[in-house]
Amino acid sequence: MYRTFRAGQIRATDIDERVRLAGWVARRRDHGGVEFIDLRDASGVVQVVFREGEAAEAAHELRNEFCVQISGVVSRRPGGNENPDLPTGDVEIVADGLTVLSESAPLPLPVDDNVDVGEDVRLRHRYLDLRRTGPARALRLRSEANRIARQLLHDEDFVEIETPTLTRSTPEGARDFLVPVRLQPGTWYALPQSPQLFKQLLMVSGFERYYQIARCYRDEDFRADRQPEFTQLDIEASFVTESDVMAIGERIVTALWRELADHEITGPIDRITWHDAMNRYGSDKPDLRFGTELVDLSDYLAGTAFRVFAQALESGGYVGAVVMPGGASQTRKQLDGWQDWAKARGAKGLAYVLFDEATGEPRGPVAKNLSAEHLAGLADAVGAKPGDAVFFAAGADRIAAQELLGAARLEIGRRCGLIDESAWAFCWVVDAPMFGRTDDGWTSLHHPFTAPNADWADRFGDDPEAALAYAYDIVCNGNEIGGGSIRIHDAAMQRRVFDVLGIDDAEAEDKFGFLLEAFQYGPPPHGGIAFGWDRICALLTGADSIREVIAFPKSRGGHDPLTGAPTPITPQQRKEAGVDAVVAPPTA
RNA sequence: GGUCCUGUGGAGCAGUUGGAGUGCUCGCCGCCCUGUCAAGGCGGAGGCCGCGGGUUCAAGUCCCGUCAGGACCGCCA
C-alpha cells in the first residue's frame, strides 16, 4: 500500500496519527536546518516538515514535481504557524521517511496555480497543465455533469446505448471525416456528425427512451467553441410531444445549473418563437441578459426618399434600428469603426443617426436624408433619448438585415457594459422555419426528418418559406446549448418533405434508404434533443473556450499540439489502407 | 477562402522616433540559511529576437513573403 491517507483530507482530528502519503512535490521551502514540502495529490495539499536524520538529508535533493512517498506523524503546527488558506492548514506531517518514486526533469511550464501560461505551451504539455487546480477542476466538473445527466436520465427510464463511430456518410450539413477501408479498397467509412439516424432507428426498435454521451465529428473550420470532434448529450424518446422533450431538457439543465453553478432555474424556461427572436433580437439564439431590442421601422419609414431605405422597402424588405445608449458622444473614428465592423460582416455599412446630448436634435449623414416628419418622430419610434445613437440596417433580405442589427446589439451590449456577467438567461426558441432558401431551391434548416408543426402539416409544401417546424433550441446567455425536433414518422409526409427539398425517390433511397426501410415497420412518433456538452461544461466552469473542458483538445487546423497528430503515413500504410484505390466506374 | 492580433533564454512580459551592451520577474544550477507557506540571501548558466528576403551606414524595431498560435467573418442542419 503506497499510502494510508489522502494528503488534502488530513485534519486536526488526525493528530498523532502515523501516516504514509504519496504524491508530488508542489513546492519546497528549504531553510537548511528545516525544510518544508507541500505534498500534493489529487485530494489537495498538505505541508510536510523535515528536520533531521536521513530523510531530511535526502529531502534537500527534492525538486518540484518529484513523485514521492512520505511517512511521518500528523502534528499540530506550532502556534502562529497555521495557514488559514489551506484546508489542511492546522496540521503538518513531521516526516521520518522519504522515498523518491520518480524524479522530474526541469519543467517546461510552471505547475503553479498563480502563474499564467500561454495556451500553446499548456496544450503541448497538457498532462502537466492538468496537475494545476483550475484545469483539473474543469475536467472534474465535466465528470460531475456527466454523472448528473446519467443519473437523471436513468431515473426516468432512459437507456444508454452506444452507436457506431465508423458509419456511412450521410447528407447532413457539414463535411464528413472519412476513413479508408482496407478490406474493401475504394470504399470509405464516415465518422458520424451526430447519432441522429441511429437514434431514430432505436426508436423503431422500441427502446422508447435512449440517450448517449456521444462523440461527433465535423470537418469544418474551428472557433473558440468548435472542435473537429465534440460531444453531445444525445436524447431521443417515443410517444412524445414537443413539450415532453422540452420538459426533459429543462430538467437536465435545471439539475446541472443547480448542482454545478449554484443557480436555481425557477419556473419553466421562457419560450420565444423563432420569428419573435429575429424581430426583437436579430438572432436565433438571443442573449437575454440585457434588453435593447430591435425596432422595425418598415412601416414608420414608408415613403421615405432616402434611397437606401426606399430600395429595401420597395423590394418588400425591411428597415430596422437598434439604439446605442449614449452613442452620440462617439468620436468620428469610433463611428467609422462601426462601418468597418459592418463591412467585415458583409454589409455595405451601418447607417446611424445621433441625437444631440443637449438639444435632442438628430444629426449625422443619414439625418440629412430623412424628411422632417420622419426625423421628428424618430426618437419616439425607436425609443431613443438625447445623447443616444441609432443604428439602422436595411435590405431586401429581412433576415440578413436583422442579423446585422442583432450583431450590433451584442456589440452595443459589450461596449456599453449592459451585460450582467453574473446572470444566467435561458430561453427556448421554438417554431423555427422548416426550410431555408438556397440558390436553387430549399434546404432543411434543422434536418430532413424534422416534422412540420400541426398548423403546417398539410400545407408546408404550399409555402416552404413560411412553414414552421416542431423544432426547438435551448439558449443560454446567447449560446445555443441544445436543439432538437419532433421527427417525421409518416412515410407519406416524409416523401412530401423530400419533394420540397428536391430529393427524388432514387436519391432518398441511395442516401438513407436504410432509414426509410426501417420506417416501413411501424415507427413510433418520436422526437429528441441534443445538448452541446462541451459548451455547456464551458459555461458551467466559466471558461471562454471549450478547449478548457476537453482533456486533450486540438488547436486550429485540427492539429494536436501534444501528439503531433495528424501525421503522414508510411507507404506501407498507404498501400494497405486503400486510399489510392481506383474505383471502377459504375457499369450501366 | 477573407480580416485582425501575437511570435524576444524553460515560463510570463518590456524593449521609445531604427542608434553603443536585448532588460525585468519567475524558474533552473551552486553555496548559505531551524518555522516557511508564491520563503529569503549571495553567485551563476541559459537568447538563430519564429523563419526567409528587402530597405538602411545601422533592423528585435520599417517593408514584403512565409510558418505557427489566437479572435472574428464565410462555413458549421
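Start at 1 and count along the chain as shown; that gives each residue its number.
Cβ atoms are placed via backbone N, Cα and C, with glycine included.
Over in TrEMBL, the protein carries these features:
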type: BINDING; residues: A:E172, A:R218, A:H446, A:R487; note: L-aspartate binding site
type: BINDING; residues: A:R218, A:D219, A:E220, A:Q227, A:E480, A:G532, A:W533, A:D534, A:R535; note: ATP binding site
type: DOMAIN; residues: A:139-553; note: domain 'Aminoacyl-transfer RNA synthetases class-II family profile'
type: REGION; residues: A:196-199; note: region 'Aspartate'
type: REGION; residues: A:557-588; note: region 'Disordered'
type: SITE; residues: A:H31; note: site 'Important for tRNA non-discrimination'
type: SITE; residues: A:G80; note: site 'Important for tRNA non-discrimination'
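Feature map: annotations from TrEMBL on the structure.
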residue : record                                       : DSSP class
A:H31   : site 'Important for tRNA non-discrimination' : coil
A:G80   : site 'Important for tRNA non-discrimination' : coil
A:R218  : L-aspartate binding site                     : coil
A:H446  : L-aspartate binding site                     : coil
A:E480  : ATP binding site                             : strand
A:R487  : L-aspartate binding site                     : strand
A:W533  : ATP binding site                             : helix
Rounded inter-Cα distance in Å - A:R487 (L-aspartate binding site), A:G80 (site 'Important for tRNA non-discrimination'): 68
Where the record names A:R218, A:D219, A:E220, A:Q227, A:E480, A:G532, A:W533, A:D534, A:R535 as binding ATP, the maximum Cα to Cα distance in Å: 20
Largest tally of Cβ atoms lying within 10 Å of a Cβ, found at which of the binding-site residues A:E220, A:E480: A:E480
Candidates A:H31, A:G80, A:R218, A:H446 (recorded positions) - the one closest to A:W533 (ATP binding site) by CA: A:R218
Counts by DSSP class (helix H/G/I, strand E/B, coil) across the region 'Disordered' (A:557-588): 9 helix, 0 strand, 23 coil
Overall pLDDT of the region 'Aspartate' (A:196-199), taken as the mean: 94
Length of the line joining the Cα atoms of A:E480 (ATP binding site) and A:R218 (L-aspartate binding site), in Å: 17
In the chain carrying A:R535 (ATP binding site), residues 6 or more apart in sequence that have Cβ under 8 angstroms from it: A:D225, A:N479, A:I481, A:I546
